[in-house]
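**Student:** Okay, handing you the structure first.
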Amino acid sequence: MQKREVFGFRKSKVAKTLCGAVLGAALIAIADQQVLADEVTETNSTANVAVTTTGNPATNLPEAQGEATEAASQSQAQAGSKDGALPVEVSADDLNKAVTDAKAAGVNVVQDQTSDKGTATTAAENAQKQAEIKSDYAKQAEEIKKTTEAYKKEVEAHQAETDKINAENKAAEDKYQEDLKAHQAEVEKINTANATAKAEYEAKLAQYQKDLAAVQKANEDSQLDYQNKLSAYQAELARVQKANAEAKEAYEKAVKENTAKNAALQAENEAIKQRNETAKANYDAAMKQYEADLAAIKKAKEDNDADYQAKLAAYQAELARVQKANADAKAAYEKAVEENTAKNTAIQAENEAIKQRNETAKATYEAAVKQYEADLAAVKQANATNEADYQAKLAAYQTELARVQKANADAKATYEKAVEDNKAKNAALQAENEEIKQRNAAAKTDYEAKLAKYEADLAKYKKDFAAYTAALAEAESKKKQDGYLSEPRSQSLNFKSEPNAIRTIDSSVHQYGQQELDALVKSWGISPTNPDRKKSTAYSYFNAINSNNTYAKLVLEKDKPVDVTYTGLKNSSFNGKKISKVVYTYTLKETGFNDGTKMTMFASSDPTVTAWYNDYFTSTNINVKVKFYDEEGQLMNLTGGLVNFSSLNRGNGSGAIDKDAIESVRNFNGRYIPISGSSIKIHENNSAYADSSNAEKSRGARWDTSEWDTTSSPNNWYGAIVGEITQSEISFNMASSKSGNIWFAFNSNINAIGVPTKPVAPTAPTQPMYETEKPLEPAPVVPTYENEPTPPVKTPDQPEPSKPEEPTYETEKPLEPAPVAPTYENEPTPPVKIPDQPEPSKPEEPTYETEKPLEPAPVAPTYENEPTPPVKTPDQPEPSKPEEPTYDPLPTPPLAPTPKQLPTPPVVPTVHFHYSSLLAQPQINKEIKNEDGVDIDRTLVAKQSIVKFELKTEALTAGRPKTTSFVLVDPLPTGYKFDLDATKAASTGFDTTYDEASHTVTFKATDETLATYNADLTKPVETLHPTVVGRVLNDGATYTNNFTLTVNDAYGIKSNVVRVTTPGKPNDPDNPNNNYIKPTKVNKNKEGLNIDGKEVLAGSTNYYELTWDLDQYKGDKSSKEAIQNGFYYVDDYPEEALDVRPDLVKVADEKGNQVSGVSVQQYDSLEAAPKKVQDLLKKANITVKGAFQLFSADNPEEFYKQYVSTGTSLVITDPMTVKSEFGKTGGKYENKAYQIDFGNGYATEVVVNNVPKITPKKDVTVSLDPTSENLDGQTVQLYQTFNYRLIGGLIPQNHSEELEDYSFVDDYDQAGDQYTGNYKTFSSLNLTMKDGSVIKAGTDLTSQTTAETDATNGIVTVRFKEDFLQKISLDSPFQAETYLQMRRIAIGTFENTYVNTVNKVAYASNTVRTTTPIPRTPDKPTPIPTPKPKDPDKPETPKEPKVPSPKVEDPSAPIPVSVGKELTTLPKTGTNDATYMPYLGLAALVGFLGLGLAKRKED
């Protein structure tokens, strides 16, 4: 800070921080203070805060707004406060001229004490007071002018008489002076002439003597020098002449030899040049001919190569064709010969075998017929006896079987119930054990963390304790030195600053408003207009405090205690134990003001700043009791803690009232510890104060107040004493006399030097007691079931002997004819390449001879010059000696005259004048705007919006002092991204700096701006205002801000607080609509039921419902630039599982009204999207996995007006169909969406569904028993009746859609199988219906199906009725199986696959394969008539298809065998009862409905 201007007023409590600024300019809103009665400490803060998140799934910028910086918190807590003021100079030109004229006229002018006009806080008040001062100045000037004029007349008369006498005296004096002047001139003339002559003579004599000595010395030196030079010259001359002669002789010899050598070399070089020219001419001619020949040969070679390559390509193509044709013909012929030979060999062998078989068959047949007739009669008798015995055993078996099955079922039911009960109990125990594990783990983790912290704290404690012990020892050794405690102590109390404390005062205590208290005090006679100077001055002191609205304004009544409670303390502790509350009890004990019953007091919002009170230049004594409480609300005993009683002034009172003001602490119930060298002493009643003035050296003080009474002074201990607490309740009186205003701060900031803080030993954590897990219940014992009785085994009937049939004799086959040999093509003749011409030989360039260089000419020698002979300098002549002159005598001087006495002058009058002092406090205002310049205070704007803070100051008043500095400091809110370049551009006229550590921007007016402000100080001047530019970055954040203006380091003021909020803040008291921005995504079926997490069948449609969450934007005032970032909704759908249905997309508002102006675009990937879309998603930090849809507002501004700013959320219905092929693999698919507002992304939850894999199965059985043998891959006899078992795919429980279709489609091979028209359909598992009823597994569901048969193509389709399927609960699984009865009608191997359709999606089963061999004695089949189709609800008993045995009475009747031939008739589908169900079957299906399966039908 610069040194502030001092205007000559006392250092009051209000003005201490200004080092003597004008009375009343008080710093009221104080930040971090020490426990001085009236000082302020500057505090630095940083913006480094822990990063946390908002809890909202924001895709970009998810961090929550950090805690406000300390600087910002303190600044806003002191909003509106003022520190100091600017002096206003009212023109006193007329008064000054009158004073100057009076002084010039000789009037005695006395300047009286300046009149204090107080502080103007408004422009109107300022103007009024300036007018009053001008009027006062004019009145004074007029009175001074009158006195001056009268005095001037008296002076004129006196001057006339004086002038007359002075003239006479002057005439006599002039004559004397004239004579004296002539005398002095003559004396001076003579003296000058004599002195000149003497000086000239002495100078000439001195110069003569000097010149004579110099000449004599020079002549001697010259003679010696000449002799030396002459000797040297003669020696050098002889040496040079000899050297030059030798050099000349050597040079002439070398020139002669060089000339001879160069003549021989030049002749030889001329011959070499001629030979080289001839060789080059020959080489150039040969090279030219070579190049021509080479070009011709290369052209011929290129033409020959091209022609050969063309012929070669044609030859190779033709050769390849001929070779392939011949090879194909040869291979075909050789194969035909081989096959023909093999066939004929086989036919010949077979024909030979046929002959042998025919002969053998005839002989065997004749013998068998005879034996058959004898065996038949015996078999029939044995079979009748066996049947009667079997029926009796069967009845007994069935009775016993029923009993055993019931007993076992009862035992099983009891056991299963016990198992379920046991599972339930153990599940509960396991859940409880899991919680115990988690609690134990949490306890362990917490203990380990506390233990680690304890160990770290212990190490720090030991280190701190060692430093503390050393500091205490040092304090002991220096206790008698100035500034140290006379009894060394350590500090265990930390009670220094609590700016965020919550102050409460009982409602029974009246808290005054500013104007209300002002009126009350004025009623007491304390008024600016009171002619009693003491009371008018007291008012200015009172008004300086009362104008600050951060204090609680109270009136204390004598002996009536008032409690002021502070809670929510954050920074205070005693011996490491946190202090959460402090209670001050104030009681007025006595006052010398008025009737002694009341006094004003002001309680600070910070308990460490404490309070101001008044004494109105009388005396006041207030008792203060202080109690501290811990976090449990228990009263704390702070015995041993130290408190600071400082800035206890004496002798610095108002010069206008009484300078001997005194501040003291009295009746302290603790113990004082004096500071060595301090002015504060202990007195009776345990009081402490200074015995004499500690304000001025001239009055005995060690220092002036300004040298010790500041927070930064190293001597501030001079006015302090330390109190040691000895009781739970601290009590003392704060007392004053003639002080006006008194600020008393109670805290632990000790002014003494070297008071260490005693470290607190950490407490070791207690190891937790872990819970023991509970044992599980033992499983119930499995019951022992009775074995079912063994069913009787019927002795098989003896088969009737087969009647032999006369064999059909085979016919021999003819041989195959031999194949014809092929005719082969001749291969083409290959082309012959013409040989290339050889290239000519290239001539070789000759090797040229090199001419020999000439010998260089010898260098001519450089001859040395002969030396110049020395010349002797002639001797100088000696000078002539001067003669001394003769001097003139001096004349006699004239006599001086006696002057007449002057008259007595008139008495000088005395006039008095005074100036008036006026202070001004210019007002400031902070405005907050968006990029469009719209005021957004107390409103909402979107995250990432540009927010501008305008720092405005009202016009500077006329009469102001020269503005030397004009500084605005703005501690920015956290989460506000400051743009330095934009701020500088918007803040012309200021030098802008930014401190990143404290997140503070400072504007200093430039020299040019200050020059504008100072151009005419007599007129008001409008100020420039800087603008802070930046962006708000956080969701759900509140950005509050104010700034501080400091002018000339003499006046400071903190502005109002502005506020703006971003959406996404739940429970926002300022914006009731504000809450998390949480778009949602829900999957629904077509009925609108939520199907998130459910099983979704392939082919089903997901009706995704996307909520565009906009309600928290209601009242938003974002700028046009922010709006142009647009509004979008992104659906990142799984394209591998779903197909979008853009034709079904709908957008509606919350009331269901359709919304226009929103478009949707689908992109296969991020890479396929336009660059603009890629940039949009990147900025919003959205990464899509593949294909995605982008919904966008066509006109962002209209969309903003209609939906965003009104807080109207939208609902997008976005249907998507599950791909059919996804059901064949099954699996999970996920879907996630994002909302993008103003460029900010917000994610929905992930919606997860699963598509079940439908795996139908096909078996071949001979009964309806599911456990019967599967004949897949085995043999089925010709004409055997069997079943194709079609097991449908499993539809899991908790599926999303009702079943509309569940069918079995079997495209059987009609060449080998014949459908009998009989089928049965059963439930494969328990089914739960919508009405709560249950259909048990194994229930016959045939009546709930319909069947269709396509006899021509061999297709049977069994469908469940839709009304039955829709009765099944969505929570129930579903699976069914159908048995199709078939009859094998042909020999061979037959494959079959069927298709299970679920909601129109087809799924192929496995393929079954059965083989029918040629029977040894096949029966002749009887064709089965085709029945008419029947309603399955009205079953009809069909005729049993018969497979007759050979008849005895017709032994010669042959039965033809059909090998792989289709029957000419096929029965139509019908429904049969269970009589013939063991023989149901279904033909194999391959390749139905485009499934790509290979169906083989043999004709």
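Residue 1 is the first one shown; counting continues down the chain.
The backbone N, Cα and C atoms fix where each Cβ goes, glycine too.
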**Student:** With Swiss-Prot as the source, which of 647-667, 689-709, 920-940 is set down as region 'Disordered'?
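**Tutor:** From Swiss-Prot, the annotated region 'Disordered' range turns out to be 689-709.
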**Student:** Given 1221-1225, 1306-1310, 1346-1350, 1466-1470, which one carries Swiss-Prot's motif 'LPXTG sorting signal' label?
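**Tutor:** Checked against Swiss-Prot: motif 'LPXTG sorting signal' maps to 1466-1470.
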**Student:** Quick test of your reading of Swiss-Prot: among 50-84, 1065-1099, where does it put region 'Disordered'?
**Tutor:** 50-84
**Student:** Using a Cβ-Cβ cut-off of under 8 Å, list the residues of the same chain that are 6+ residues beyond the ends of the compositional bias 'Pro residues' (789-799) and lie near it.
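**Tutor:** Answer is 379, 382-383, 386-387, 389-390, 393-394, 396-397, 400-401, 404.
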**Student:** Where DSSP helix means H, G or I and strand means E or B, what are the helix, strand and coil counts for the compositional bias 'Pro residues' (789-799)?
**Tutor:** 0 helix, 0 strand, 11 coil
**Student:** Would you list the DSSP helix, strand and coil counts for the residues of the repeat 'Ag I/II A 3' (302-383)?
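**Tutor:** Residue counts in helix, strand and coil order: 82 helix, 0 strand, 0 coil.
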**Student:** Could you give the mean pLDDT over the repeat 'Ag I/II A 3' (302-383), rounded to a whole number?
**Tutor:** 83
**Student:** In the compositional bias 'Pro residues' (888-907), how many residues does DSSP call helix, how many strand, and how many coil?
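**Tutor:** Helix, strand, coil within the compositional bias 'Pro residues' (888-907): 0 helix, 0 strand, 20 coil.
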**Student:** Run through the region 'Disordered' (689-709) and tell me, per DSSP, how many residues are helix, strand and coil.
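**Tutor:** In the region 'Disordered' (689-709), the DSSP-based counts are 7 helix, 2 strand, 12 coil.
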**Student:** Within the repeat 'Ag I/II A 1' (145-219), how many residues are helix, strand or coil going by DSSP?
**Tutor:** 75 helix, 0 strand, 0 coil
**Student:** Please spell out the DSSP helix, strand and coil residue counts for the repeat 'Ag I/II A 4' (384-465).
**Tutor:** 82 helix, 0 strand, 0 coil
